[in-house]
Each structure stands twice: as structure tokens, then as C-alpha cells.
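Peer 1: Take this structure first; my questions come after.
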Amino acid sequence: MNKLLIFIMLVTFLAIEKSFMSEVDNMKLEFVQTIWRHGDRSALEGLFPISEKNWTFGGGGLGELTPMGMSEMNNLGTIFRRRYVEDQQFLSHRYAAKEIYIRSTNLNRTIISAMSLLYGMFPPGAWNIQGVDYPNDVDWQQGFTFIPVHVDGIDQCAVAQLCNCRRFQELQEKWAELDEVKNATVAMIALNRRVAAFYNVTDQPEKFNRYTDAWKCQRNWFNDTMYQQLPWYNEDLYNEAQRTYAPFKRFTEGNFAKPSIVDGIDIPQEVSTLQGGPLLNEIFERGREKIRCVADAENCSIDYLKPLKFYAYSSHDQLVYALLVTLGITDVVKTVDGWPDTSSSLTIEYYSNPGNQSSVKFLYRDNSNDNFSDVTSQIPVCNGAQYCAMSDFQNIAYQFKPLPDYMTLCETSLSSISSVLNNKIWVFVIIYFLI
């Protein structure tokens, strides 16, 4: 009897496994959305021994993309081409205007990063047609074609974390009361004072914090000069600075080491809703509408989505990190400070199967890798699955959806606990009616 039961269970398991594998094998890639951090840049501020005049790259000045950054982005573009043009033949070999849309924040370094990536993704080659893709002109680089990069307007400040948000300012005051933040602040002030003394800064040395970003950028281009001019500087001090400031970057995007409730307010939930929530929901909603168009093209109400295959956003480290926080996978970042490196990217692939069921994959890459890492199974809500159900992605998005909308929420004070409860009730109502 026991042998018969075991046999039945084995046959059932194999049948389920075969059905699952068939379902996986029949998955069809329908849409790709990706966001990346710009490439290597110059420092945002001058700091001895390197001043603004030393930063001559990318047209010159502070915060500009460097040749290293251009190369990093070109490499990322080459990886995109290998995956989506050559291996999967998902995108056309030549630039097709209706297939891809590239967007950028309104800064030189992100715009040129997008251009550099596109040079790697759609490089000059025999596949481009003279007189069609580029001019029939002897002075024109053969095979080279321009690809547009669309720049954010002020109305897109929410996804770029550029809006003036009163609620977020109140949250910063609240999280300052947490022991985790207090301890990090003590360590930061101690380091600021120590480094300020090295630079002979006597005015408010506890607030001297320019060195963390400056060192990270200077060491890529002026490392020998730093060691020659700063006898106290070394790698241990550099790493200490990056690790000391790492918690404050995390706090800003809603990542706290412990449950963090202040006056009944869930600080991580509130911060992530304001910081990562707008972009996460924009990505989810665009993907959902695309899948709907795939399933029912005749009733697709958004015409541009029908042929669109690749949507990209050239942005910044904090935006990439904010998304990783909402997805629960910040551990995929392996840098010293746990912060997305230059040219790191998060990519979301949307799939359908013959039964019109949709699912997603999440891919992460930093600039030390030659390919993307599939991190889908690491996302808690995906439960270790190879493909994450679209409904699970929806649950994540709605958990961090600013309600009733971002600007209204920003103007809603934390002083009313009911505002927090109402936000959670709205999330429940939306999930109930839309799942």
C-alpha cells in the first residue's frame, strides 16, 4: 500500500513538474524596462588637492561624465545588444523608433550616459543603411546613426525624487529619533571632525562631509596626487568613510536595519512610499498596460505601447537603490558602501505564455560583471520562483503606491495618524478590486 501511494505521488509530482517546465519553455518575452545609474563622473565639489579646474572631462566642470563613465555605459549597451538583439533577437539590429524609448533626468551626465549606452547598443555597422539611417555623405562616420534621448520635465519630479515634499521632511525629523540613526550620527560626526582636522577646517567641523563623494571620484583619476599631497590618506580611511556614510544613504531610501516605528508611524514604509513608490508604480503600470495590449491588441488604448519593446531610464544611484529597497533585494549590491555603482542597472522583463498568463523577471548588474544576474528568486514576494507572477509584482507596487496621489500625500502632515491608516486602507481597496 505504501509503495502504491509513493508511486502515485511520484507520478503526480512528475506531471506537475512537466506541466511547469512546459509553461516555462513556452514563455515569450514581450517587453523590457530598465533603469541604470549614469557612468563615472567628476566630483560634485572641489576638495584639495583637486579643484574644479582639474576636472576637464566631459566638457569640463563638476559632476560631468568622464571618459571612464562613457566607456562603462558603452559596455552596458553592448550587453543589452548581446542579450536582446543577438541572442534573443527580440530587438531589431537597426534602431527602430517605435521599438525603443530612452529617457533621462535633466543632467549632462545622465543624458550623455544614455548616448554612450546607445552607441554600444546600436553601434555603427553594415546593418545600418546609408541614405536611410544616416546621410549619404563622405564626411559622415559610416554606419553611425543618432538615437533620441527624451529628457524629464518638472512634472516628473516625483519619480526622480526632485519634488519639494513636506511629508518627507517631517519623516527625516521622525527618523532622527531612532537609536539606529543616533548611533550612526555619532560615528559620522566623529569622522567629520577627524577629517576636518586633516584639512584644517575649523568652522563647524562636525558638518564637514564633502570628502566622501570627492574621494570616491578623485581616486579614479588622481590617486597618485592624493597620496602625494595627503600624507594621512589611505585605503582604510577611504573605506571607513564610505561605510560610515552608508547608513544615511540607506535611511533616505527607507532601508533601516530594524523595525522602525516612531509615534505609531512606520518609517520605512512611509519613506519607501515617497522615494521608491512613484517610480515603482510607473514601471509596473506601464508594464501591465503593455501586457494588456499584447493580450488584446484591438482594444489597446495606448497606441505607442503596441510596438514598444524596450523602455529605459538613465538616472541616478538613489533611484536604482530606492527600487531595490521596495523589492527587498538591497543585498544584491556588493560595493563597499552597499550603494549602486556607476553604470549599475535594474532590468525588468515581461513574459506571456500561450494561456495569456503574464510574469516578470528581475535582472541586476553592476559594472564589475559582464552580464546580468537573475535576482527574481531573491525577491521575497516571488517565493523563490524562476518567474514572478504579475499579480505578485502588483502587490509590491501597491504596497508602496502613494495615495491618493504623490503630491497630495506630500502635503499631508504626519501629525494625523489617520492619514497613515487611510493610505493603508486605500492600498487594500485597490488590490481588492484590481487583482
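Residue numbers in this text run from 1 along the chain shown.
Using the three backbone atoms N, Cα and C, a Cβ is placed for every residue, glycine included.
Bear in mind that the values here come from a model prediction, so they are computed numbers and not experimental data.
This is the feature table in Swiss-Prot:
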ACT_SITE  HIS38  active site, nucleophile
ACT_SITE  ASP317  active site, proton donor
DISULFID  CYS382-CYS388  disulfide bond
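Relative to the rest of the structure, where do these features sit?
Peer 2: In sequence order, LEU65, GLY69, MET73, LEU107, ARG109, THR110, SER113, SER314, SER315, HIS316, THR342, SER343 are the residues near HIS38 (active site, nucleophile), counting only same-chain partners six or more apart with C-beta under 8 A.
Counting only same-chain residues at least 6 apart in sequence, those with a Cβ under 8 Å from the Cβ of ASP317 (active site, proton donor) are ARG37, TRP339, PRO340, ASP341, SER344.
Around CYS388 (disulfide bond), the C-beta neighbours below 8 angstroms that are at least 6 residues distant in the chain are SER359, VAL360, LYS361, PHE362, THR376, ILE379, VAL381, CYS382.
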